[in-house]
Amino acid sequence: MTRAAMQTASQSELQIVRSVADLRRQVGAMRGRGESVALVPTMGALHDGHLALIRHARRRCRHVVASLFVNPKQFDRPDDLAAYPRDEAGDREQLAANGCDLLFAPGVAQMYPAGFATSVNVAQVTEPLEGAHRPGHFAGVATVVAKLLLQCLPDVAAFGEKDYQQLITIQRMVRDLDIPVEIDGVPTVREADGLALSSRNRRLSADARARAAEIHAVLTDSADALADGRGSAATILAKGRARLGRAGFEPIDYLDLRAADDLTQLDRADRPARLLVAAWLDGVRLIDNVPVVPARR
Ligand code: PAF
C-alpha cells in the first residue's frame, strides 16, 4: 500500500454494520473496485495488541474490516463471559484512529439465529494445552471464525501470536476446509516489563500486576536454556514451574514445549518449537508463549 493510500485509509470514516447482508454489501463494493480487504476479528475491549493487528492489516491490504463480537460459544465458564469487558464506543474511537474502514458488530441473534446447529471441530492441534483445560473453547472459536471468514471473505485475516494455539487452529481449519483466506500471525505486544497485553490484565490487583511479569521472565529464560540444550526439557520446565510457584502463580495449568507447527509435545528443542504457559495469579488466568529457536550445534 502506498503512503498516500494509507493516509486516505487512516482519514476515512469508520462505517458500522450489524448484519451479514450489510457487511457483504460493503465488502462487495470494495472488491468491485478491485481493492484488497483484510479482516481483524476481535471481541472488543481493544488494547495496543489489537491495534498492532489493525496496523498489520493496513500494511497488507487497501481496506481493513474489524469485527467486534463477544462470542458466547467460546467461553467455557459463564462467569468469564459475564466478566468480559465491553466498551463499543471506546473501541470505535480506537479503530477509527488507526485506519480501520469498516466495523462489523453483530448481535448474538445475527451470528447464532434460532435453530443454529453447526459446530466446527478441528482435531489434534486443539486437544492439548488450552483444549485440555477449556472444554469446547476451540470449537467455539473455530465456529465463529469460520463464519466471520465466510461472511466477509477477506484476502487476509490477522490473529495475534499471543493466542498461539488459536492461531495454529485457525490455520489448520482454513487449510482443511479450503477457505480462500491467508491467515497472518502477528507478534505479541508487551508492556515494558514483558507482560503480554491482554484484556484480562485489568483484572489484576496492583500487587498481582507487579508479580505478573515473572511469567514472561520464566518463559524467556527457559526458552534460552532449551534452545542451548542446557539440560533436559523436563528439568528446565520443572525449574520454570517452581519459579512461577515462588512468584505466587497457583495453579500452573501448563508450561510445555511443543512443536511450532503442529503442537506435538517435544522433549528437546531439536526443531522450531514454542514454549507455552497458562497459570493463575490471584484468580486471574494468564497465558503466554515464546518461540524456541534451536541453537546451531
Ligand atoms: O482472539 C479473540 O479475540 C477471539 O478468540 C476471536 C478470534 C475474535 C474469535 O472470537
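Backbone N, Cα and C define each Cβ position, glycine as well.
Remember, predicted model here, so these are calculated numbers, not experimental data.
Taken verbatim from TrEMBL:
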type: BINDING; residues: 43-50, 160-163, Val189, 197-200; note: ATP binding site
type: ACT_SITE; residues: His50; note: active site, proton donor
type: BINDING; residues: Gln74; note: beta-alanine binding site
type: BINDING; residues: Gln74, Gln166; note: (R)-pantoate binding site
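Features per TrEMBL, on structure.
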| residue | record | Cβ contacts under 8 Å, 6 or more apart |
| --- | --- | --- |
| Met43 | ATP binding site | Leu68, Phe69, Val70, Asn71, Tyr84, Ser199 |
| Leu46 | ATP binding site | Gly90, Asp91, Gln94, Leu95 |
| Gly49 | ATP binding site | Gly160, Lys162, Thr188, Val189, Ala196, Leu197, Ser198 |
| His50 | active site, proton donor | Val40, Thr42, Gln94, Gly160 |
| Gln74 | beta-alanine binding site | Gly136, His137, Phe138, Gly140, Val141, Val144 |
| Glu161 | ATP binding site | Leu167, Gly185, Val186, Pro187, Thr188, Asn289 |
| Gln166 | (R)-pantoate binding site | Glu130, Phe138, Val141, Phe159 |
Three-state secondary structure, which DSSP defines for Gln166 ((R)-pantoate binding site): helix
Candidates near ligand 1 among the recorded positions Leu46, Gly49, His50, Glu161, Val189, Ser199, judged by a Cβ under 6 angstroms: none
Cβ-Cβ neighbours of Val189 (ATP binding site) (radius 10 Å): 18
Coarse DSSP state, helix versus strand versus coil, of Met43 (ATP binding site): coil
